[in-house]
Amino acid sequence: MSHRPDVSQAAPEAPNLDFEGTTPYEDYVQADVLTHLQHPRSDDPGEMVFLVTTQVMELWFTVIVHEWETASRALAADDLPTALAALKRSTYELQSLNASWEPIAHLTPAQFNAYRAALGEGSGFQSAMYRRMEFLLGEKSASMLVPHRGAPRVHDELQKALHEPSLYDEVLRLMARRGHDIPQRDDLSQRYEADPAVERAWQAVYSGDQESELVRLGEALTEVAELVWRWRNDHLVATRRAMGAKTGTGGSAGVSWLEKRATKNVFPELWTARSHV
Ligand code: HEM
């Protein structure tokens, strides 16, 4: 038989092809919007993957912020299972985020130069969603709002995040409610600085029952901290390969400036307390 029936009618198990307006997939995913947001600034064919990698990372930042905000709210409500589930999801997302360096991790300076000038003064330094991540990790900085003065929605979201307790603030508040001697922070909009009392609290947690909820929380946060550190170091190495010691498009000293930022660990006492367990 050479006759081929119309699949949509003859095979009831085949997918539906017939929709009134846009497809339900489109209505949910908005793929048409998403796949038409790519506007390279040069004729270089290598620019597209640089732009898309950056956009993909912005999407991961957005999901991760969502997870950490979920975790923060759950911690404030003493709901550890919900907080741990969100933190766990974020570690898988951070691994995907970090894996997305691959397509732009091997650029030669000449390949990067082919579109670098087209970026103008644009730099990831101006990523507001990255700052939301940093604020949740405790790395608050009012000056990071300045570049966004001209974008009211972004500015308002960052301002709110600056003054709200960070994920780590909520962790420490929960530990205080559970009897650990942890000083209250007066001004939540300030960058979190390591505190010996907090180090002692983590030391006590890690010296106790290894199955406790706080050890599990500590380990989930350690995983997050390690993956954030990895993102920063992968970024540093990709930058070193693509542009050596040139100054950045954002106006910084470039690699030497990134090196300083990449050495820091978030949730500092979770690392230092280990020396005393
Ligand atoms: C080969 C590609 C890349 C190079 C050469 C590069 C270079 C740089 C440089 C030199 C800086 C320092 C600020 C400046 O002066 O511009 C910077 C900052 C930054 N970049 Fe990239 N970058 C690359 C890819 C990306 C991608 C794909 C993202 C994803 C969004 C990104 C996000 C950031 C962020 C968030 C900062 C600020 C870091 C901080 O404040 O500690 N970069 N980048």
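Sequential numbering from 1, following the chain as shown.
Note that Cβ sites are derived from N, Cα and C of the backbone, with glycine treated the same way.
Straight from TrEMBL, the features:
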type	residues	note
BINDING	Arg116, Thr249	substrate binding site
BINDING	His235	heme binding site
REGION	1-22	region 'Disordered'
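Comparing His235 (heme binding site) with Thr249 (substrate binding site), their Cα atoms are 15 Å apart once rounded. In three-state terms derived from DSSP, His235 (heme binding site) belongs to a helical segment. Using a 10 Å radius centred on the Cβ of Arg116 (substrate binding site) and all shown protein chains, the other Cβ atoms total 19.
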